[in-house]
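Asker: I'd like to ask some things about the structure below.
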Amino acid sequence: MANQSTETNQPSNMQTYGVPIYAADWIPEVDVRSKIIMDPEKSEDDDESSSSSSSSRSCIVLSGGGGEGRSGISNVILICRVDLNTNSLSEQPLGRLVVGSDLPYRMAVHPREGGLICALPNSCKLFHWEDIMSREDNQAGESEEVIKELRDVGQQLALAFNPEGSVLAAGAEDGTLRVFKWPSMNTLLNESQAHSSVKCLTFSESGQFLVSLGGPVCRVWDVNASAAVASLSKEKDEMFASCRFSVDSAGNEVLYIAANTERGGSIITCDTKLWKRKWSKPIKKNSISAFNVSADGKLLAIGTLEGDVLILESTRMQTIQVVKKAHLGLVTALTFSPDSRGLVSVSFDSRARLTMIEQKGDKPGVRWWLLVLLIVLLYVVAYYYMKAKGIIP
């Protein structure tokens with residue numbers, strides 16, 4: 001069981017940060033080490049790279065708030081500490097930046113040292129880690145940059161960097177898909193009718209392909225050719241919810257699509273050579289609101305409208321861990337730690353929750369069945385042995 005927070009009755013792996021949370025991601029370790037001061041009293045010389053010290057430096061960034069109006073709830077970007085060794089989140093954010101009346105609804109963290117891009121109601125803005133950490137008045141200022149090419153473009157519902165951080169994609173509520181080189185912002189693609197509304201974006205591990213999802217269609221784009229090369233359509237009553245690229249155990253790229261139906265959710269696995277669906281795994285009685293894949297490709301995470309969190313093994317799609325009522329409301333985002341040991345989930349309930357991945361092992365029921373089978377086999381062998389020796393007729 002997780003340790004209890006010192007000031008509340010909730011476990012230390014679940015913290016309440018005072019605002020509805022819409023997005024979450026892990027901050028690259030190089031940024032944590034160089035730009036986010038974790039422990040001012042600790043000497044910089046004491047920088048031995050061990051698994052323990054690396055875990056203690058882990059940080060996540062969260063964004064959310066009350067939006068426009070007079071709700072009294074601030075719109076903020078938060079930096080919080082995560083300790084995988086003790087299964088805990090910091091009670092108070094390490095950094096907190098108020099961004100005025102604009103809700104940071106979606107975000108993309110640069111995979112190297114490029115900071116954070118947030119999608120605000122009408123524009124996208126670049127934030128630097130040191131500004132989130134060091135601003136004395138906790139208010140966004142002129143150092144936060146509105147990205148010129150994404151100014152006055154309406155609400156962006158999806159943002160994504162390619163794995164190298166050299167390409168940025170933005171998907172708009174009006175269905176426009178924009179792809180740029182980063183950081184030059186030279187346009188690679190500007191498709192005004194990619195979808196009725198772009199809901200999700202994901203780059204392939206190689207960076208060659210970008211998948212955009214919106215409504216009943218999932219489109220595949222060749223980034224280098226700046227053109228669509230395939231489309232995947234829904235079947236029957238499916239409604240696509242999210243998508244993620246990953247790599248399977250054989251080193252092949254695979255595309256996962258999370259969908260909802262009247263019977264519940266499902267995870268669709270797609271071949272990335274023929275761009276055809278291979279199979280679909282129903283997730284009965286669970287409507288999917290958030291989806292992600294671990295960095296090592298071995299695990300899938302699902303957040304539901306009911307606030308549950310499910311973790312699946314990716315090869316056979318077996319559910320290996322369930323956290324019922326992880327949140328009081330629908331799960332808005334999920335993000336695995338870079339080493340795939342932990343999962344952070346967030347929600348409208350203002351909470352962030354850290355779930356440690358249980359180590360593989362035989363379940364007690366399986367061990368009992370193996371023991372029973374062994375006893376039966378020993379009995380059969382003993383019976384025929386004694387019969388052969390004439391001990392029993």
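Every residue gets a Cβ built from N, Cα and C, even glycine.
Annotated N-acetylalanine per Swiss-Prot: A2, in sequence order. What Swiss-Prot records for S43 is phosphoserine, and it gives a large-scale study or a structure entry as the kind of evidence. Residues annotated as region 'Disordered' in Swiss-Prot: 41-67. Annotation comment: Swiss-Prot describes 151-190 as repeat 'WD 1'. Annotation comment: Swiss-Prot describes 193-231 as repeat 'WD 2'. Annotation source Swiss-Prot lists topological domain 'Lumenal' at 389-393, citing sequence analysis.
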Asker: What parts of the chain pack near the repeat 'WD 1' (151-190), using Cβ distances under 8 Å and only residues at least 6 beyond its ends?
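Answerer: 105-112, 114, 117, 119, 121-124, 196-203, 205, 207, 210, 212, 214, 221, 223, 226.
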Asker: Which residue counts does DSSP yield for the repeat 'WD 2' (193-231) in the helix, strand and coil classes, in that order?
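Answerer: Summed over the repeat 'WD 2' (193-231), the classes give 0 helix, 21 strand, 18 coil.
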Asker: In the repeat 'WD 1' (151-190), how many residues does DSSP put in helix, strand and coil?
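Answerer: Looking at the repeat 'WD 1' (151-190) with DSSP, the answer is 0 helix, 21 strand, 19 coil.
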Asker: Can you give the mean pLDDT for the topological domain 'Lumenal' (389-393), rounded to a whole number?
Answerer: 70
